Structures are given as C-alpha cells and as structure tokens.
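> This is the structure I have questions about; it appears just below.
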Amino acid sequence: MSRENKLKNYSLSDVNTSKIPKNELFSSISHLFGIILSIIGTTILVTISTLKKKDLHALVFFIYGFSMTLLYVMSTLYHIFPKGSKIKQIFRKFDHISIFILIAGTYTPACAILVPNKSGIIILCIVWSMAIIGIIFKAIFTNSPGWFNGSIFIIMGWIILFKIKPIYKALNGKGFFWLVFGGIVYTIGGIVYALSKKFNPTINMKMHDVFHILIIIASASHFWLMLKYISNF
C-alpha cells in the first residue's frame, strides 16, 4: 500500500491511546472539552440573537463560535495522533492556521457590534487580512519558529488597542475587564508556548499543558463577554 493510501485510510479508530504521551493525551482531552463547550456556547449565542431578531448578532456570533470550535477541533486532532506520523503533521498545520481564524473570529462581534462604523470595518479588514496572510504563510512554512508564531498572534490580538476608547465607552467596567482579561491570558499563553521550546522535553510538556489550560480560560472569558455584554447591544 502506498504512503498516500495509508494516510487516506488512517482514522481516529486507528489511534491507540495507551501509546499517546500523557501530555498529548491531556492536550487532546482538555481541548475535546473545549469543543463541547464551544458548540454549546455558539448555540446559545446564536439562539438568543435569533429570538431577539438580531440578524447581525446571530451572524457574527456564528462566525465567532465557528472559529472557536474549529480551533479546538484542530488542536484535539493534532494531539491525538502518534508523534512523527504524516497525519499529525497535517493537523499541526491546521492547528496553527486555526489560531489566526480564532483571533479574527473573536474580533468580528466586538468590531461589528461595539464599533459599527468605518473604524470598526477598517479594524476587521486589517485583522482578517492578517489572518489570511498568516494562513498562507503557515501553509508554506509549517515549521516556523514558535517565538515568531507567538509574536504574530500577539500583534494581531492587540491591534484592538488602536480603537480601545470607543470599545471602553461601549462596555461598562466589568465588560471591559473580561475583554482585557481574556486578551492578557491569551498573551501569557502565547509567551508560555514560545518559551516552552527552549526547555528540555519534560519541562516543555508541562508548559504545554499550562498553555492549553490558559487557552481554555481565555476562551471562557471572551465567551462570557459575548454572552453577558455584547449580546445585549
């Protein structure tokens, strides 16, 4: 059987969890949990918006929810397959690509609802353009350095600072807190991920577990922002 056919016939049923390193198994299970929460959260946001007949809200929340679910799906699949396998490398690429989509997807409700003017549209265009460029870059350079990837993600995530005043004005203090808190946790996660590559395998694995936990906390923070505050505009 050719290598291509082996890859084509490889499925989740072929995964032997007893042979998956503990940190990889933790990463898979933790982000499988993220998939479930993302689907539930997206359903809640879209349903509430639909019942309130807020079509724009429903659309942008669907984009946000899809981007969040996609991230956790790709991450789970990447970590569950055996190290060194071709299919793992493919999902590694999709895992990184999905981060660009999540960042842009999270910006979409914030800009479209909180800054529904020319400024909001400009920010959205910039962020989605960066996401597209990032996707193309990762598709070509799969093994780009962790520090480089982390830097790009952090820059994209904090472009919102250029329009922080209208967003702060739109949100009350508590709502703004969840926006900033989520951004800070994502940033810390990016730093942890970038630095983990510099340590030995044992420390690297522990730092990667911390990274996964931070991503879930940050996602939960921004989901609460969407549900409690942005959905009410």
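The count begins at 1 with the first shown residue.
Including glycine, each Cβ sits where the backbone N, Cα and C put it.
The model shown is predicted, which means the values in this text are computed figures rather than measured ones.
Feature annotation from TrEMBL assigns Zn(2+) binding site to His79, His208, His212. Residues or ranges marked as transmembrane segment by TrEMBL: 29-51, 58-81, 96-115, 122-141, 147-164, 176-195, 210-227.
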> For His79, His208, His212, listed as binding-site residues, tell me which one has the smallest number of other Cβ atoms within 10 Å.
His208
> For the transmembrane segment (58-81) and the transmembrane segment (147-164), decide whether they are in contact, meaning at least 3 CB pairs lie under 8 A, counting pairs 6 or more apart in sequence.
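No, the transmembrane segment (58-81) and the transmembrane segment (147-164) are not in contact.
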> Give the nonlocal contacts of the transmembrane segment (96-115) in its own chain as ranges (CB under 8 Å, at least six residues past its ends).
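The answer is 56-57, 60-61, 63-64, 66-68, 70-71, 73-75, 121, 123-124, 127-128, 130-132, 134-135, 138-139, 142, 149, 153, 156-157, 160, 163, 166-167, 170-171, 179, 222, 226, 230, 233.
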> Within the same chain, where does the transmembrane segment (176-195) have neighbours whose Cβ lies under 8 angstroms from its own Cβ atoms, ignoring anything closer than 6 residues to its ends? I mean 6 or more beyond.
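Result: 110, 146-147, 149-151, 153-154, 157-158, 160, 167-168, 207-208, 210-211, 214-215, 217-219, 221-222, 224-225, 228-229.
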> Let me spell it out: take the transmembrane segment (29-51), skip the flanking residues so only those 6+ beyond its ends count, and list any with a Cβ under 8 Å from a Cβ in it.
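Contacts with the transmembrane segment (29-51): 57-58, 61-62, 64-66, 68-69, 71-73, 75-76, 79, 209, 212-213, 215-216, 219-220, 223, 226-227, 231.
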> Near the transmembrane segment (210-227), which same-chain residues lie under 8 Å Cβ to Cβ, leaving out any that are not at least 6 residues past its ends?
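That would be 26-27, 30-31, 33-34, 37-38, 41, 44-45, 48, 61, 64, 68, 75, 106, 109, 175, 178-179, 181-183, 185-186, 188-189, 192-193, 196.
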